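What follows is a short report on a single structure.
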């Protein structure tokens, strides 16, 4: 167990429900006015799943449109709007916030802290995200519709000439608020992890999840201001007549790509690294073994965070950047596979020879490894300049992205949700339906996105609302897979909601961790008391 041994007495179920000297709130004010990291974490989860359901519905409608050539389920301009919002919400309003939500709930308890370092700042971080998402979503109902330039919003597609309505402006303002939320949260997490660890918990005794959150939040602090600057430049181009990205007036649209991808490639690791930390907690728990190569995993995490800043240009091989830059970005993109390979090796070594229990979190963790490897292999292909130029604007890139972010991030998120659900809710979910959810998700994901590799190799362009008849067969398979995914996610939602209301009471440690895999959250009641620990634990 990375977190050492707890020597303080555990919190009894009847522990005090509020901090000394405070009066506990009830009803809706308990949630609206809270600064408790656990309640804020739960609100992050609810909000993220709300936006996930909307973005998922957009995806289902898009796949209905693409299920056969020449359909008119959506008008072309509406398809572009839904495609743009689907990507934006999945990245900025689901994956990143839900990772923050799980970390909000779990990290302070794993550290032996009573709360985050700045509880009120934590609440501000969450409440900035709510209007950000609603602002962007509301643009669908305005004249001209929402942003329709893709989640990357490349100029000149975002110029007044091509996007005259307010949709792009609201998209920019929404991302500004979401970015401010991320920055404030990043400050809070870094200070919490560096300063609020329990006595005796050195940096190299922290659980692996805390390490991945620390590196992730550091990435956020360095990368997000760059995106904020790019968004401000785009907004002033639209509103005040500046010309940062207008070639006719001396601007450069490629500058947007540099700034956007300087944030958005590290954002891939913002979305994946916390998931890797969850996998590093779950595999030992269900293998009955200590995580193999703990210090190597820490260094690999830091290596991924550092190298992730050096590879943004591999998104831009087709823009005509200098060949020396192409060589550097191609090489760096392949080098980042080394620390990732170290992680995969350590995970496989952890489960090798273990007493494996294939409960739902373990299934999703193993599924994560399998799907992330596929996404990583296609990433190496795309790091090769000649290959990338051939498939850059095809569905091959769509397939790669989804194997990394769906096969990677979402599978890890589901593993973490099932793993910590008993701790967060105090209830046990239905294991049978959890496994049904896994298999439908795993099968549906491969049915949906594996054919896109073939579509891309055959030359089917992305970002289009219809296609030539020769691509029909693969699109039939992909749309059928999307339907399977939709059924799986519906089962997940029903299972969670039913379990919240009627599930059996969860014990302190429903997974019966071994002594070397148990972290501090599994030593307190389910759900934990308001102050987390009656006595601050001491680690040795």
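Positions of Cβ are set from backbone N, Cα and C atoms, glycine also.
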### Query
Looking at the ranges 82-106, 507-531, which is given as transmembrane segment in TrEMBL?
82-106
### Stretch contact, the transmembrane segment (171-196) with the transmembrane segment (82-106), Cβ-Cβ under 8 Å, 3+ pairs
yes
#### Entry: Beyond the flanks of the transmembrane segment (82-106) by at least 6 residues, Cβ under 8 Å
37-38, 40-45, 47-49, 51-52, 54-55, 58-59, 61-62, 74, 116, 122, 125, 129, 132-133, 136-137, 140, 146-153, 171, 175, 178, 182, 185, 189, 209, 213, 216, 267, 270-271, 274-275, 278, 405, 409-410, 413, 416-417, 420, 424, 463, 521
### Query
Looking only at residues six or more beyond either end of the transmembrane segment (396-420), which have a C-beta under 8 A from one in the stretch?
45, 90-91, 95, 98-99, 102, 105-106, 268, 271-272, 274-276, 278-279, 281-282, 285, 359-362, 364-365, 367-368, 370-372, 374-376, 378-379, 382, 429, 434, 437-438, 441, 445, 448-450, 452-453, 455-457, 462, 492, 496, 511, 521
### Cβ pairs under 8 Å between the transmembrane segment (39-62) and the transmembrane segment (291-312), at least three
no
